[in-house]
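Quick look at what TrEMBL annotates:
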- G27, L28, S29, G30, S31, G32, K33, T34, G73, N130, H131, Q132, D133: GTP binding site (BINDING)
- T34, T51: Mg(2+) binding site (BINDING)
Amino acid sequence: MDYLCFRALCCKGPPPPRPEYDLVCIGLSGSGKTSLLSQLCSESPENIVSTTGFSIKAVPFQNAILNVKELGGADNIRKYWSRYYQGSQGVIFVLDSASSEDDLETARNELHSALQHPQLCTLPFLILANHQDKPAARSVQEIKKYFELEPLARGKRWILKPCSLDDMEAVKDSFSLLINLLEERDFEPSRM
């Protein structure tokens with residue numbers, strides 16, 4: 001018995017590796033994808049430039065590592081988004097809640113396309129209504145209604161959260177909720 005206690009105290013070894021999840025991050029240009037991900041990685045905000053193609057960041061959390069493939073949101077790049085969906089285990093959609101009506105409509109159409117895409121439709125979605133610190137920002141309730149999320153995403157696992165660079169704790173909490181959805185997905189029995 002003493003031997004077992006000694007082993008438990010002294011021979012623990014390294015902690016088990018954190019699970020890693022591959023995510024895709026999409027949204028229109030200017031929605032704040034790069035800034036949010038850079039802040040989560042503790043990168044200097046001075047060096048942030050808009051993503052023109054795609055970039056990959058490993059975003060560390062206490063209970064998981066998120067390998068996030070951020071896709072540029074310009075008009076000429078969005079048509080190629082679906083080429084980068086394969087292998088994704090979750091989706092982060094960032095929208096500018098203070099954008100023009102036209103941009104909001106475009107964002108809504110892109111989100112609808114993503115929610116219905118065969119490679120993404122079964123995955124958990126984290127939808128971030130960014131730029132909540134701007135005066136023109138729409139509330140989460142307004143976004144939910146305008147984007148028709150209740151009827152469109154019924155039966156899907158999605159989270160809609162407000163965010164801004166001013167409140168990175170709230171952003172981290174939103175990502176923790178997504179990690180919980182990813183972990184639940186890991187423990188679901190496989191369907192045959």
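Here the Cβ of each residue, glycine as well, is placed from N, Cα and C on the backbone.
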C-alpha spacing of T51 (Mg(2+) binding site) relative to K33 (GTP binding site), in angstrom: 9
Cβ neighbours of T34 (Mg(2+) binding site) where a neighbour is any other Cβ within 10 Å: 22
Nonlocal residues around G27 (GTP binding site), in sequence order (Cβ under 8 Å, 6 or more apart): K33, G73, F93, V94, L95, D96, A107, E110
In the chain carrying S29 (GTP binding site), residues 6 or more apart in sequence that have Cβ under 8 angstroms from it: S50, G72, G73, A74
Nearest-integer angstrom distance between the alpha carbons (Cα) of H131 (GTP binding site) and T34 (Mg(2+) binding site): 13
